[in-house]
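Notes for the one structure printed next.
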Amino acid sequence: MERISSTTLLPDTFVGARDDITGQFMIIWDQMKAPLIAPLLRIALLLCLLMSVMLFVERVYMSIVIVLVKIFGKNPEKRYKWEPLKDDLELGNSVYPTVLIQIPMFNEREVYQFSIGAACGLSWPSDRIIIQVLDDSTDPIVKNMVEMECQRWASKGINIKYEIRDNRKGYKAGALKQGLKHNYAKHCDYVAIFDADFQPESDFLRRTIPFLVHNPELALVQARWKFVNADECLMTRMQEMSLDYHFTVEQEVGSATHAFFGFNGTAGVWRIAAIDEAGGWKDRTTVEDMDLAVRASLKGWKFLYLGTLMVKNELPSTFKAFRYQQHRWSCGPANLFRKMLSEIVRNKKVSFWKKVYVIYSFFMVRKIVAHIVTFVFYCIVLPATVLVPEVEVPKWGSVYIPAIITVLNAVGTPRSLHLLVFWILFENGMSLHRSKATFIGLLEAGRVNEWVVTEKLGDALKLKSAVKAFKRPRFKIGERIHLMELGTGAYLFFCGCYDLAFGKNHYFVYRFVQAVTFFIMGFGYVGTFVPHS
């Protein structure tokens with residue numbers, strides 16, 4: 001049988017019209033490319049290369065600091081005085097300061113028992129500790145369950161308080177602020193904060209409080225997070241890689257160099273006097289924890305990070321929950337930077353170099369540049385150079401710097417090195433969502449104060465929940481389909497096709513893989529594969 005040509009199926013007029021439109025488009029593109037597109041792309045490329053260098057220098061600097069800390073053994077016990085608090089026959093338990101444990105909650109049906117049980121199991125004199133459950137739940141069934149759990153522990157002699165509010169004003173910051181206003185809280189010296197899915201070990205207070213007792217300049221002791229569900233799926237492994245770098249490198253460097261880092265909002269102990277001096281909890285952004293940390297630091301207080309002290313918690317295991325969390329974590333810092341930049345510059349209590357560290361390293365590079373360059377450079381500008389071959393990208397900018405940054409980011413989780421390619425693609429895919437949130441924060445746009453509590457499934461219910469979700473999928477177009485990711489995927493796919501047909505870069509395979517990643521995220525289908533360790 002003779003092959004059927006396009007002219008057989010389509011009239012000559014249609015074929016001619018199609019070719020004519022294509023030809024006209026190519027003519028217009030060629031006329032615009034040299035005088036307009038190429039110069040704009042060169043400017044964008046220069047800006048992206050500058051941001052890449054900024055990120056590269058920051059990563060190398062932090063790596064050098066970590067190496068020096070390891071070589072010279074600058075562990076917390078050598079930098080600050082630490083002695084265990086011992087029982088005294090004459091003074092009794094009065095040698096122990098009174099500690100308030102705050103557990104903020106919101107409809108935490110699956111995990112409330114874990115955090116309350118762990119807090120009630122902390123090793124500390126019973127008359128010197130108060131457990132405060134701050135329940136903002138709107139589900140009356142969950143509210144009743146949490147209250148009954150508190151009553152159960154109270155019947156065992158635990159000093160536990162169940163506190164509720166009439167409204168959710170200020171969300172978590174509002175709950176924590178209200179909790180400190182109770183009369184019994186005013187007699188406490190320190191406050192430890194744990195989110196509903198966090199389970200501290202029994203010796204948590206005995207390892208943290210002595211630092212605060214013996215070092216009056218310290219305001220905060222922060223512990224590291226340990227993820228109980230890191231192996232649940234590919235998405236949780238990717239999160240583990242990113243967060244392990246944050247705790248292994250970023251927090252450690254801030255603690256060792258300037259005694260400053262962002263409070264992680266949980267698994268930390270604050271000196272209540274420092275909270276009061278800094279102005280207390282504020283709900284002006286979605287990162288109330290970072291807000292308090294920056295204000296306390298500007299008052300001259302120091303922070304200590306204990307990387308050897310780990311607190312078990314749960315990573316978001318659904319893509320929807322992860323997106324909400326990342327929006328909050330990306331939008332909040334950018335918005336806080338906008339609100340506090342002038343205050344940091346005008347502050348006279350901290351040194352010039354600490355101001356530089358907070359403004360440049362902590363905020364600009366890590367919270368703003370890192371998100372923007374990952375998306376704009378690797379997902380927009382580099383693929384666009386295929387369409388405009390007149391714009392050449394230096395190899396050090398497109399290959400060497402990204403490779404070194406990637407390797408330095410991966411050292412925090414050695415067991416996942418074989419998943420490095422997946423992590424790169426995952427970070428590329430999430431960079432659009434994070435960049436958008438960053439600009440929302442900087443510009444104070446519509447969703448700047450959006451607060452959605454991260455959904456937790458609970459360690460014992462994960463399999464059951466996954467099976468239930470598989471059997472009864474709930475599909476909502478507005479929640480599942482993400483048009484910007486799909487549009488970016490289409491753009492990358494087009495660039496890959498153009499590169500395959502006409503380009504010289506020969507990166508078309510990677511462009512196709514990038515495009516597939518964005519398509520997967522665009523359809524909200526992420527994290528279903530369990531990786532092999």
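Each Cβ is built from the backbone N, Cα and C atoms, and glycine gets one as well.
On a predicted model such as this, the values are computed, not experimentally measured, just so you know.
Distant neighbours of the transmembrane segment (43-69): 248-250, 252-253, 256-257, 361, 364-366, 369-370, 372-373, 376-377, 380-381, 385, 391, 393-394, 397, 401-402, 404-405, 408-409, 411; these residues of the same chain sit at least 6 beyond its ends, with a Cβ under 8 Å from one of its Cβ atoms. What TrEMBL lists as transmembrane segment is 43-69 (among others).
Annotation comment: TrEMBL describes 190-384 as domain 'Glycosyltransferase 2-like'.
Taken from TrEMBL, the feature transmembrane segment covers 368-388 (among others). If one looks beyond the transmembrane segment (368-388) by at least 6 residues along the same chain, the residues whose Cβ comes under 8 Å of a Cβ in the stretch are 33, 37-38, 41, 44-45, 48-49, 51-52, 54-55, 330, 333-334, 337, 398, 402, 427-428, 431-432, 434-435, 437-438, 442, 488, 491-492, 495-496, 498-499, 503, 505, 507, 511, 514, 518.
The feature transmembrane segment is assigned by TrEMBL to 400-426 (among others). When Cβ-Cβ distances below 8 Å are used as the criterion, the transmembrane segment (400-426) is approached by residues 52-53, 55-56, 59-60, 63, 234-235, 237-238, 240-242, 244-249, 378, 513-514, 517, 531, 533 of the same chain, each at least six residues removed from its ends.
Positions annotated as transmembrane segment by TrEMBL: 481-502 (among others).
Positions annotated as transmembrane segment by TrEMBL: 508-530 (among others).
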